[in-house]
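Since the structure comes first, as structure tokens, the remarks are kept for the end.
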Amino acid sequence: MGIQEVGNGELGLSGIPLGTKNKYKRMNSELREDNDDVLQQQEDKRNSTRKYVLACAIFASLNNVLLGYDVGVMSGAVIFIKEDLKINEVQVEFLIGILSIVSLLGSLGGGRTSDIIGRKWTMALAAVVFQAGALTMTLAPSYAVLMIGRILAGVGIGFGVMISPIYIAEISPNVSRGSLTTFPEIFINVGILLGYVSNYAFSGFSAHISWRIMLAVGILPSAFIGFALFVIPESPRWLVMQNRIDEARAVLLKTNEEEKEVEERLAEIQQAAGLANYEEQPVWRELLHPSPALRRMLITGIGIQCFQQISGIDASVYYSPEIFKAAGFEDESKSLAATVAVGITKTIFILTALILIDKLGRKPLLLISTIGMTVCLFSIGVILTFFGQGSIVIALSVLFVCGNVAFFSVGLGPVCWVLTSEIFPLRVRAQASALGAVGNRVCSGIVAMSFLSVTRTITFGGAFFLFSGVSALAIVFVYTLVPETKGKSLEQIEIMFQNEHQSQIRETELGDVEQLVQNKTGLTN
């Protein structure tokens, strides 16, 4: 057996070449290529999953455009409705506020409905009911018919506002759940901005025509919801509750990047659903007589929803033209143009929350938001009470109203819905979230229906001093009662509340033991 020199200068035994293209190097190259292919497939899977979940969150949030559009458009449309239908201020307050009050019926019914027919079809029902209401309002020949349309629209909005955050929270991966669950609030802000733009765009028509066009445009987003039903899946957690495990697994495979994570999440959901199925008492009885852990969840969820509205955001949005008039605006078109600036500010800053909520966390954003709102609301009160009217007062009023909605959009606006969609256990999530939405809508209705009457009694400045006081209480509430849920699965959050209660019991028992020991020591001495 001789040693030969191969053509490339390297030696081989018995004529076997050991060059750069020998079979061992080819195997290494093929392994690297295989690894690259696997990594590329994993990256493609991650990108595909993210895009799919993003599309689901967007389509699920379309109903919230309807609420936002109504809030924005009514601030200007009511000026022309008042002129066309010859209604007084009390009727105006009732017209604006009734939607929030009636929407609580949709929110109450939405929780139970979504447990029966599913999250997806509850969103479809919301769109249909709202469309019927919007069409009735557009064609209304009188104040009475206008109110009927307003009631229908309110019920539809109640369904939609309650179910969207729950659906998104239930399909989203843990790492992006916070940012994705802010989408409904983002779309509310987009709707508000579109409403303001619509006011300005159609204000040049006659009083009889302009408000009808403004309201008719609100029907358009509902049409896209029909298309969305062919894209979005049902919630995997609802499917597990219906014992449709294979369908739930198929949805989780589409919405999670790792197959291992899918099985872990499915096991968690099945365990939570199993506990739900073993519950002997009905959900509403459990809500009326909650366990200590559930009571803490209800206080946190309903409390933050109420603070979102009684801090006066709807007054700033619904009645911004009147606020600017109190500051010195005389031209209606300029006043409506200023409201567009409010809408733009609100929309821009909600995007900030989208970026920060899964990085900074829920609680820090809420604290920043409530502190900033308190300062801005107090400043508006000072300006409108002590500075009279004039160009400087107008500029400062627009600045601080925009500042108020900016701080609201960074925290209290979106985070409130994120929290109430993720802190409740699976067995009561839909109906407990519905209670939070009811509190939100009731407080919104009270503010909207009483704001003008309150300002006549204590002035615009006095009303904003009142709102700043409520916002200051919200700071205390957030600091003491709101936990951080960033990065935790929905099932882990439930365990966190239960463990917190158990640790409080252990601390109490430990304190009792220490006190008993001290008492015995004192007696011995």
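Positions of Cβ are set from backbone N, Cα and C atoms, glycine also.
Curation does not apply to TrEMBL; its annotations are automatic.
Going by TrEMBL, these are the annotated features:
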- 245-272: coiled coil (COILED)
- 56-486: domain 'Major facilitator superfamily (MFS) profile' (DOMAIN)
- 52-80: transmembrane segment (TRANSMEM)
- 92-109: transmembrane segment (TRANSMEM)
- 147-168: transmembrane segment (TRANSMEM)
- 180-201: transmembrane segment (TRANSMEM)
- 213-232: transmembrane segment (TRANSMEM)
- 336-357: transmembrane segment (TRANSMEM)
- 364-387: transmembrane segment (TRANSMEM)
- 393-420: transmembrane segment (TRANSMEM)
- 432-452: transmembrane segment (TRANSMEM)
- 458-482: transmembrane segment (TRANSMEM)
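Among the stretches 52-80, 147-168, 213-232, 336-357, the one making the largest number of Cβ pairs under 8 Å with the transmembrane segment (364-387) is 336-357. Just going by CB pairs under 8 A, the stretch in 147-168, 213-232, 336-357, 432-452 that sits most against the transmembrane segment (180-201) is 336-357. Contacts between the transmembrane segment (92-109) and the transmembrane segment (432-452): present, as 3 or more C-beta pairs lie under 8 angstroms, all at sequence separation of six or more. Packing against the transmembrane segment (213-232) from elsewhere in the chain are residues 55-56, 59-60, 62-63, 65-66, 69-70, 73, 76-77, 80, 120-121, 123-124, 127-128, 130-131, 134-135, 137-138, 191, 194-195, 198-199, 202, 205: each is 6 or more residues past its ends and has a CB under 8 Å from a CB in it. Cβ atoms under 8 Å from those of the transmembrane segment (393-420) belong to residues 165, 169, 177-178, 181-182, 184-186, 188-189, 300-301, 304-305, 307-308, 311, 313, 316-317, 320, 323-324, 326-329, 338, 341-342, 345-350, 352-354, 356-357, 362, 365-373, 376-377, 379-380, 383-384, 387, 432-433, 436-437, 440, 474, 482, 485 of the same chain, restricted to positions at least 6 beyond its ends. Long-range Cβ contacts of the transmembrane segment (147-168) within its own chain (Cβ-Cβ under 8 Å, at least 6 residues beyond either end) map to 56-57, 60-61, 63-64, 66-67, 70, 94-95, 98-111, 113-114, 119-120, 122-123, 125-138, 140, 177, 180-181, 183-184, 235, 417-418, 420-421, 429-430, 433-434, 437, 440-441. Distant neighbours of the transmembrane segment (432-452): 89, 92-94, 96-101, 103-104, 107-108, 110-112, 158, 161-162, 165-166, 287, 294, 297-298, 301-302, 304-306, 308-310, 312, 314-315, 318-319, 322, 416, 420-421, 424, 463; these residues of the same chain sit at least 6 beyond its ends, with a Cβ under 8 Å from one of its Cβ atoms. Long-range contacts of the coiled coil (245-272) within the same chain, counting only residues at least 6 positions beyond its ends with a Cβ under 8 Å from a Cβ of the stretch, are 45-46, 49-50, 52-53, 56, 171-173, 233-237, 239, 425-427, 489-491, 494.
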